[in-house]
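The following features are taken from TrEMBL:
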- 7-206: domain 'HpcH/HpaI aldolase/citrate lyase' (DOMAIN)
- ARG64, GLU113: substrate binding site (BINDING)
- GLU113, ASP138: Mg(2+) binding site (BINDING)
Amino acid sequence: MNAGSARSFLFVPGDRPERFTKAAESGADAVVLDLEDAVAPAVKAEALEHVVAWLGAGNAAVVRVNAAGTPTHDAELAALAGTGAVVMLPKTDSAAQVAAVRARVGEVLALVETPRGVTAADEIAAAGVVRLALGTVDLAAELGVDPASPSAFAYSRGRLVMASAAAGLPGPVDGVTVRLDDPAVLDVDLAHARELGLGAKLCIHPKQVAAVNAAFSPSAAELAWAERIVFAAEASSSGVVVVDGAMVDAPVVTRARRILSRVRPRPSL
C-alpha cells in the first residue's frame, strides 16, 4: 500500500475486525482502520488491540488515531510504533503536531478538518507528511455550513491543493460523501474534486470505491491525448509543436507526462 499514490481510502471501524479483510478485498487502494469517530470510547482499547493484531499478521493499512491531546492518543501511537502503519492524524492544526507523531511512528497522513488547520496548510504540508486530506464533516460543523455543498469547501480544497503542490506532495485526499443512496451525488463530488486538483477521496462504504478509483484514474481519452502530446514533442526538433489544433509547449508536455505516469500496471495473471 502506498498512501501517496492511493486513489481511494476506505474507512473501517477498528472494533469490527471481521470487516478488515473484506475492506482489503474491496478494491480500495488503502484501508483506513478507524480508532476515532467510528469507535465508542468504551471500546477504543479493544479496537486498538484488533488493529495491532491485524497489522501484526502482515497486513498494511492506514490507521486513524484519536487527535493529539485526547486520552487515548499516546497509547495508540505507542502501540502502532513498528507496525508499519501510516498514521492518519485527525484535526491536524500545526507542523509541531506532525513532528510529534512522526518521531514515534514514521509516516503521517494529515487530516485537516479545522479552520486553524486549513490556514496552516502550507506548514503542515512542508512538515514531512505523506499527504494531506480534508475532513469536510468536522470542518462544516465549525464553519456552520452544509457538508454536502461543494462550493462551501472550494477555498479549503484549493488551499490544500496549493499547499500540497508547493511541498511536492500528491494531490490531497478529498473528504467523504455521506449520501449512500444516490450515486449521482458522489459523481458530482468527484467531478468537483478532480477539477480542483485533488487526487483521491475518503470512502465510507465499499460501494463508493469503484467510482472513486475510476474518477482519479486517467480516462481513455486523456491517455490518448497525452500519448499524442508526448509523441509529437519527442518527434519534434523545435520547442513548440501543434497537436489537435492547439499549441504545445513544455508545460503541456509536462502535464501529459504526468497523466501517463498515473497509469497503473495491470495485475499479473
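Start at 1 and count along the chain as shown; that gives each residue its number.
Each Cβ is built from the backbone N, Cα and C atoms, and glycine gets one as well.
Just so you know, TrEMBL annotations never went through curation; they're auto-generated.
Over all protein chains present, the Cβ of ASP138 (Mg(2+) binding site) has 19 other Cβ atoms lying within 10 Å. The average pLDDT for the domain 'HpcH/HpaI aldolase/citrate lyase' (7-206) in the predicted structure is 96. Mapped onto three states, the DSSP output places ASP138 (Mg(2+) binding site) in helix.
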